[in-house]
Amino acid sequence: MEPGSDDFLPPPECPVFEPSWAEFRDPLGYIAKIRPIAEKSGICKIRPPADWQPPFAVEVDNFRFTPRIQRLNELEAQTRVKLNYLDQIAKFWEIQGSSLKIPNVERRILDLYSLSKIVVEEGGYEAICKDRRWARVAQRLNYPPGKNIGSLLRSHYERIVYPYEMYQSGANLVQCNTRPFDNEEKDKEYKPHSIPLRQSVQPSKFNSYGRRAKRLQPDPEPTEEDIEKNPELKKLQIYGAGPKMMGLGLMAKDKTLRKKDKEGPECPPTVVVKEELGGDVKVESTSPKTFLESKEELSHSPEPCTKMTMRLRRNHSNAQFIESYVCRMCSRGDEDDKLLLCDGCDDNYHIFCLLPPLPEIPKGVWRCPKCVMAECKRPPEAFGFEQATREYTLQSFGEMADSFKADYFNMPVHMVPTELVEKEFWRLVNSIEEDVTVEYGADIHSKEFGSGFPVSDSKRHLTPEEEEYATSGWNLNVMPVLEQSVLCHINADISGMKVPWLYVGMVFSAFCWHIEDHWSYSINYLHWGEPKTWYGVPSLAAEHLEEVMKKLTPELFDSQPDLLHQLVTLMNPNTLMSHGVPVVRTNQCAGEFVITFPRAYHSGFNQGYNFAEAVNFCTADWLPAGRQCIEHYRRLRRYCVFSHEELICKMAACPEKLDLNLAAAVHKEMFIMVQEERRLRKALLEKGITEAEREAFELLPDDERQCIKCKTTCFLSALACYDCPDGLVCLSHINDLCKCSSSRQYLRYRYTLDELPAMLHKLKVRAESFDTWANKVRVALEVEDGRKRSLEELRALESEARERRFPNSELLQQLKNCLSEAEACVSRALGLVSGQEAGPHRVAGLQMTLTELRAFLDQMNNLPCAMHQIGDVKGVLEQVEAYQAEAREALASLPSSPGLLQSLLERGRQLGVEVPEAQQLQRQVEQARWLDEVKRTLAPSARRGTLAVMRGLLVAGASVAPSPAVDKAQAELQELLTIAERWEEKAHLCLEARQKHPPATLEAIIREAENIPVHLPNIQALKEALAKARAWIADVDEIQNGDHYPCLDDLEGLVAVGRDLPVGLEELRQLELQVLTAHSWREKASKTFLKKNSCYTLLEVLCPCADAGSDSTKRSRWMEKELGLYKSDTELLGLSAQDLRDPGSVIVAFKEGEQKEKEGILQLRRTNSAKPSPLASSSTASSTTSICVCGQVLAGAGALQCDLCQDWFHGRCVSVPRLLSSPRPNPTSSPLLAWWEWDTKFLCPLCMRSRRPRLETILALLVALQRLPVRLPEGEALQCLTERAISWQGRARQALASEDVTALLGRLAELRQRLQAEPRPEEPPNYPAAPASDPLREGSGKDMPKVQGLLENGDSVTSPEKVAPEEGSGKRDLELLSSLLPQLTGPVLELPEATRAPLEELMMEGDLLEVTLDENHSIWQLLQAGQPPDLERIRTLLELEKAERHGSRARGRALERRRRRKVDRGGEGDDPAREELEPKRVRSSGPEAEEVQEEEELEEETGGEGPPAPIPTTGSPSTQENQNGLEPAEGTTSGPSAPFSTLTPRLHLPCPQQPPQQQL
């Protein structure tokens, strides 16, 4: 069976060791410890502790190397034998003029080597044919039976192998035509192996890696192209019988061949024997035939296609040539036309003298049988690795390696299993079909390129961490030169042995079976990268492995006996194991060590891109193996790396520097070496060589002191000759020096035979010094002579072991333990004596007991050393025993005096030793102290003790010595504690109970608990709570009986305090109800005034705006309203908390705030009026540019100016008035072109801070406030606001009732009536100048015209507060208004400056009020009519109205689609019908929608109560009787005079008396 044909079976794993940190600190010691186990496997793996991670010290950027080229199937021994065999056959057929083609049988290449070998084993070709055993041959080649494969193999053997085997056996065969054999499978051409040729040509580039065999591609044949082109070569063409031979050089250059080989495409695995002559007939050989048959076949041989002429004869004038011009067979020179000249040796043969004879002169190059045989039997050249031509960095090599592996396995490199790589590797090395080539950066000198470990040198500064690893024994630069290592005594830096080598690997790169130089140890560390797979064989099986490899591949070892020392040969571990060789394996991962032991064969390969470092080291146990290795090298005639004798002598010269174990091993080796040297020099004397001279061999180069016979490096002695000065031999080969006489030969020696024993003696003294010392120690420890040594003598022995570096033996450990124990005893004895001197101040817990003292004395007596402290310890023991007797006597005579017991106890403490009786004395003393403490605690005159003290006494009483007095005291304590805990629990329940008890109940509990003589915390807390409750009741009585109603803050504080008290208070419920009612009123007032998500508090809205003049303050407040930074009541009114309780102070502060607000708004109006209009300004911000509340600069159309502060805002950012609807409750129709009545008035959100409810709504809040027995700041502010509004209303009515204003209002009324009479609103009339005396016939309500007044067909539209306008009508209304804008003219009134100024001032003051008044709208209409219509504002309002209506329609359609989807899905969620019924105005977005929604919410919340009857105003039925609508009917009361007069007493001020025209 072909080795490796089956799947690879991994060998067992080698031992793996994981040392602890303590073991890891001594590398060679740990290796010696594990050697008995690991040596049995040959290799082992060591995993360092997890924290040991040396940094990678190689300079990556400067690291450049040239790798070796490895062809995998040339590494394996058996595969190389096959390849060499195929090369020989190929060479044979190539000489014959044909190229080898290997046939395919059963879809695999026929193994010609195995076929030839099996044929020989079965008895040869003739025997197999005779016995018809070709089927057995097929079976042994693992071919399936029953397919007539035997016959197929026979034909292949006959035509390919048999002619070569016959030539090898010496038969004379010439080229003959054989019958062609038509095979069903295509043969495959074989490319000759030619290892020497490959080593001399340029290597292929790495981008041409191929998985299939390049050797199986067509080999470029010797071409005739060069011959045809070169006329000189054309003249040298030789014609004659026989095939051409390669020796003439008529072929393409190697460079051309290599180029074709690289550039040629991959071909399927085929092998052929190709006819080189260019003919159609294949030149094949069959079994030998008779001469006549061969002659007959040759006569029918076709002529070759190559045109050739007869060979030119040589110059006949050459006599020597004429003499040699005879046939070598018959020695005749006649019939020269039948004479053939060999192209190889120039011998002549008659064509009829050859066997078989040739019918005619063959054309082309012809070789005689002798030359063919010589060429085929030429020995192969030694195999070795060739170097690549490309230089790599680590990065470029890694990229190449990873790319190769990923492409080969078709997966990422980290995902390829190690088992798969291992099987594929051994498959490739066993394959002759596939030729995979890899590169391996092996044996890179760390001295030149730098080590992977940190190195302590002057090249660069090391960090503390690097310094630690640079000195570590596991650093491969340090390990070979450790003190216990042999190699530290070699001065030279031996690369690979003392100086580490570096290895940069890629997948499949391998190191072959080998052992280390001089059979030394080796250690390999994998710095990083993918694993490295190792195989190892123990040293006991080393010779067996060599025998197996020689047996399986004798062809290799015949030509290279030291093949295994060349690191170029692999053999499948399964093959070795099948022949009984024990093999182990391991995968070395990054950060792990692999150690190989002496003469342990090992090999392996890399799983991928990695970086490793290796070095050799030798320990004392290696010395015998090193000596045996020299003898082995002598037999193989292999060069030594260093002289073993020199190493031994150098160590023997300085024995004191040697480790003791090493000295013993060196002594043993030195003794053997001296005995051998005596024997060899004696043999010289017997031969008669007496001349000698001293030679310092260590000063000579190694190549000048090598034995010319065995290549051993000489040191102790060598034999030289005066007449042959160029060579010398070791004393083992004295007969191989030269043929000169012995008298001319002389001995060259390093030491005399007298000097060697002296060196040996020094080694013996060093080795035996340990035995002498050990004997002294043994006598001292065992006191064999009856004399105890002093402590100083034992210390001297230990110091001697340390100074002479004795090994850490068991005896040394016993000595150290003895010294340690003795020193501890001395220290303890000194402490005992010093403790007595310290007396009671000695440290507690360090005293020894009496038993320990006696044991300590016995321990000191048993130690093998004398100590004078023993006497002191004996004295202490006597004192303690005397004290013990006295204490026993005192305890026996109880009851004794407590003072006597205490003094006796103090004396015992001074001894420094614990006596058992001392504990009894201590307990008696503690009992007396406890009884005294109980008496003091229970005494009537004593301070009441706490529960914790009583519990502590009970606990302490349980530990004192029992007695009747103790039992009685414990019973009294327990009874008192039980009663106290019961009352304490009752008080706790009163404090924690949800149902609070009245003060009377708590007083009763406290009175009863006062009789208990114990401090009770809960009772005390109950007392304090009761006192606080009484104080709280007093505060309530005081605040309720004051001059004014209590403030809400005071009530809230009392309620908070009362709720925290654990006492039931009747007044608390009443206060809580008052506070709740006040909060309810405040909430209702907030909903009435405050907008949704308002940034103002209710009090801020009701009070005058203190910062009305600061635009930036108002804006920042508006933009940062989410921060909730509201001012307190005192900040708003500028009053202290005490002043807020005085109503008079509140009113005065409110009045002052009104004045500040008015002054501030005037200043703000002047500032804002000075700003440029955004309708004409640019978008660039400046110090005078208006900025909207959104923070953006105002520019272009769409901006509105506030009628109060005169500042500008984006229409989309604020609430704007609506032209097509009126929010008034009683609207009246107005003509379409009465533009002055359109609702175009705009107040910004900074000026209009609240909802501005009507006065009747405020009066309802005041009526509810009147019923509250609580004062609120908001209530008083609301009263002040109401007074301010009524005051302004009176002044406004007075102004409207003047003659000038009444006339102007009359003209407006007349003009409105005239416009109502117009038939077509599309054709507005030209307005005449309004007469100055037209009276005002209608009321001055603010109500703007309804939408139906604007429609051409008079359709009515419901108010938008309830139902959204219809889509069509609203659109037509907007279009109508837009078309009427060009027709608006004005002003329609002429207002004199004397009339306009007061009205404008009244208008400004009215806009400052957070109350809605009809007079305000009347004044605004009058001022509007006195100026031209603001067409720009009207257009802006129309555009905003259109945009809002468009958004409402879109939201309505989206809502309908969402409702339908929910209906289709049947899903749950919000009721779509409810959403549909909601006003679209409410669901719209923007500030206007929010205000409408807030108004509707307020109406729903206040709908139950409702405001009182509206106050009659101008235009209402109650005032229509009066022309000016200002004076009430005689004897009637109008306005809020009566309600206000009832509210005023809450402020404790008289109701203001107003003139009749100012009252409502």
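Glycine is treated like the rest: Cβ placed from N, Cα and C.
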**Prompt:** So which of LYS234, LYS255, LYS274, LYS1346 shows up as SUMO2 cross-link in Swiss-Prot?
**Reply:** LYS274
**Complete:** Out of LYS447, LYS532, Swiss-Prot lists as part of the 2-oxoglutarate site with TYR440, SER522, ASN524 the residue LYS532
**Asked** Which of HIS414, HIS445, HIS579, HIS602 shares the Fe cation site with HIS514, GLU516 per Swiss-Prot?
**Response** HIS602
**Item:** Among LYS147, LYS205, LYS214, LYS1362, residue that the record in Swiss-Prot marks as SUMO2 cross-link
**Value:** LYS205
**Request:** Do me a favour and check the Cα-Cα span between LYS532 (2-oxoglutarate binding site) and SER893 (phosphoserine); whole Å is fine.
**Result:** 88
**Fill in**
CB neighbours within 10 A of TYR440 (2-oxoglutarate binding site), counting all protein chains shown, number 21
**Fill in**
SER893 (phosphoserine) sits from TYR440 (2-oxoglutarate binding site) (Cα to Cα, rounded, in Å) at a distance of 98
**Item:** Pairwise Cα distance maximum in Å, 2-oxoglutarate-binding residues per record: TYR440, SER522, ASN524, LYS532
**Value:** 20
**Message:** I'd like the per-state residue tally for the compositional bias 'Basic residues' (1448-1463) from DSSP, helix first, then strand, then coil.
**Reply:** 16 helix, 0 strand, 0 coil
**Request:** Give the distance between the Cα atoms of SER522 (2-oxoglutarate binding site) and SER893 (phosphoserine), rounded to the nearest whole Å.
**Result:** 84
**Asked** Least buried of the recorded positions ASN524, SER893, going by other Cβ atoms within 10 Å?
**Response** SER893
**Request:** Could you measure between SER893 (phosphoserine) and ASN524 (2-oxoglutarate binding site) for me? Cα positions, answer in whole angstrom.
**Result:** 83
**Request:** Count, for each of the binding-site residues SER522, LYS532, the other C-beta atoms lying within 10 angstroms of its own C-beta, and report the residue with the smallest count.
**Result:** SER522
